[in-house]
């Protein structure tokens, strides 16, 4: 376990691990994982605008078709845990290649669905196939970039994937309106096939030599099938450090959901906007804020790590990276959502609408200024199981958000937009308080339950 005052000792052999790939190769690898993450985000988001047309074609209600969203959340959580656990045994490249066929087949199955049962089944297969892209991407970047470089690289990775969150609603809606939702999913299947071929031809294995489970077997068959418990990744959350930052990040993400999920009932209703295309456009400023925030947050976290190591004359403390969350978590996130609720309640007309758009953008920036350092921190402290740590946090977010999302609109109906947003802002401040406690007592928290934390010698 890394002590807060442990000296900086980076052996030459360990330094060489991060020099296995030339800078151009590293950029190519980041392109690969970012493109796969963009596909995963695209698959998640484009389904929502298709719901009315799917309901019409299958002669179902919107509410019934929306069950596929719950199936998506469940498949995303289970898939992320499964693929990340197996990546620690078989390697990143193998798992990317195993997941893509599920995505391709599932996409074609969704396109061919003629009943609710078949739609739900194939949607699960589709989401299961792409569920590991974000956690695997974090793990790959942790494999190839050194401690003081990986925050920036993770920021680039997530910024590209968030382009899917930003633009996929428009693309999905337009494809459904002017083409066909079935053709849209056929196209996703083709995209997945091309990505699989690209990975097969030019994506190397990035895991550190000798660290994979399959490398440690005394003997193995040509085709070796090993049972790996996918839920074992969740056991990492028994660490107070990982659990605290997971819960803090969930409370930050919750503010985004509180703003976006009921947007038709809040901003739309307040300013008399009924056009679905215009309402969908309100996702754009938040997505652009996320794009910018994750780029800035990644670079800022690397700068903070270097600054504090210099301040300690080379001593390393993993929690230093979390100091980069202060601006986003304590100021931008709570102020943006609190202000949005008050503006929507008390300020009408174009001025109120413009201010709300600004709040949506600021919220995206603030949330990512918190999430990016936390994602990098998860990779830092359990480097050998970085993909599993990322998957455990993302799966937990999914489960927490699935419950929180169901409560947002009833809460607004009961206490109003302003108080709902202020409550979410207060929860975000509590989340930042958890991060503060992790920074302050991180060393003793890691000492209380050791889940195999990395040290400066193997990070």
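Positions of Cβ are set from backbone N, Cα and C atoms, glycine also.
For 29-443, the entry in TrEMBL reads domain 'Major facilitator superfamily (MFS) profile'.
Only residues 6 or more beyond the boundaries of the transmembrane segment (28-48), in the same chain, are considered here, and those with a CB under 8 A from a CB of the stretch are 21, 68-69, 72, 76, 96, 103, 107, 123, 126-127, 130-131, 133-134, 136-137, 140-141, 144, 153, 156-158, 160-165, 168-169, 171-172, 175, 184, 188, 191-192, 195, 198-199, 202-204, 206. The annotation transmembrane segment is assigned in TrEMBL to 28-48 (among others).
Sequence-distant contacts of the transmembrane segment (60-83), counting only residues of its own chain at least 6 positions beyond either end whose CB sits under 8 Å from a CB of the stretch, comprise 44, 47-48, 51-52, 54, 95, 98-99, 116, 119-120, 123-132, 134-136, 230-231, 233-234, 388, 391-392, 394-395, 398-399, 401-402. Marked as transmembrane segment by TrEMBL: 60-83 (among others).
Marked as transmembrane segment by TrEMBL: 95-114 (among others). Note on the transmembrane segment (95-114): residues 36, 39, 43, 58, 79, 83, 86-87, 121-133, 136, 181-186, 188-189, 192-193, 195-196, 199-200, 203 of its chain, located 6 or more positions outside it, place their CB under 8 angstroms from a CB of the stretch.
Positions annotated as transmembrane segment by TrEMBL: 120-141 (among others).
What TrEMBL records for 153-172 (among others) is transmembrane segment.
What TrEMBL records for 184-203 (among others) is transmembrane segment. Long-range contacts of the transmembrane segment (184-203) within its own chain (CB-CB distance under 8 A, at least 6 residues past either end) are made by residues 28-29, 32, 35-36, 39, 42-43, 46, 50, 93, 96-97, 100-101, 103-108, 110-111, 126, 129-130, 172, 175-176.
As annotated by TrEMBL, transmembrane segment applies to 242-265 (among others).
Tertiary proximity for the transmembrane segment (277-301) is limited to same-chain residues at least six positions away from its ends with a CB under 8 Å from its CB atoms, namely 49, 151-156, 158-159, 162-163, 165-167, 169-170, 173, 256, 259-260, 263-264, 267-268, 321, 324, 328, 357-358, 360-373, 376. Annotated transmembrane segment per TrEMBL: 277-301 (among others), in sequence order.
Taking Cβ pairs closer than 8 Å, the transmembrane segment (322-347) reaches residues 151, 245, 248, 252, 255, 258-259, 266-267, 270, 293, 297, 300-301, 303-304, 308, 355-356, 359-360, 362-363, 365-370, 373-374, 377, 416-422, 424-426, 428-429, 431-432, 435, 438-439, 442 in its own chain, all 6 or more past its ends. The annotation transmembrane segment is assigned in TrEMBL to 322-347 (among others).
Residues annotated as transmembrane segment in TrEMBL: 353-371 (among others).
According to TrEMBL, the transmembrane segment annotation covers 391-412 (among others).
Residues annotated as transmembrane segment in TrEMBL: 418-439 (among others).
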Same-chain residue ranges lying at least 6 outside the transmembrane segment (120-141) that approach it to Cβ under 8 Å: 29-30, 33-34, 36-37, 39-40, 43-44, 47, 67-68, 71-72, 74-80, 82-84, 87, 92, 95-96, 99-110, 112-113, 150, 153-154, 157-158, 161, 185, 188, 192, 206, 375, 378-379, 386-388, 390-391, 394
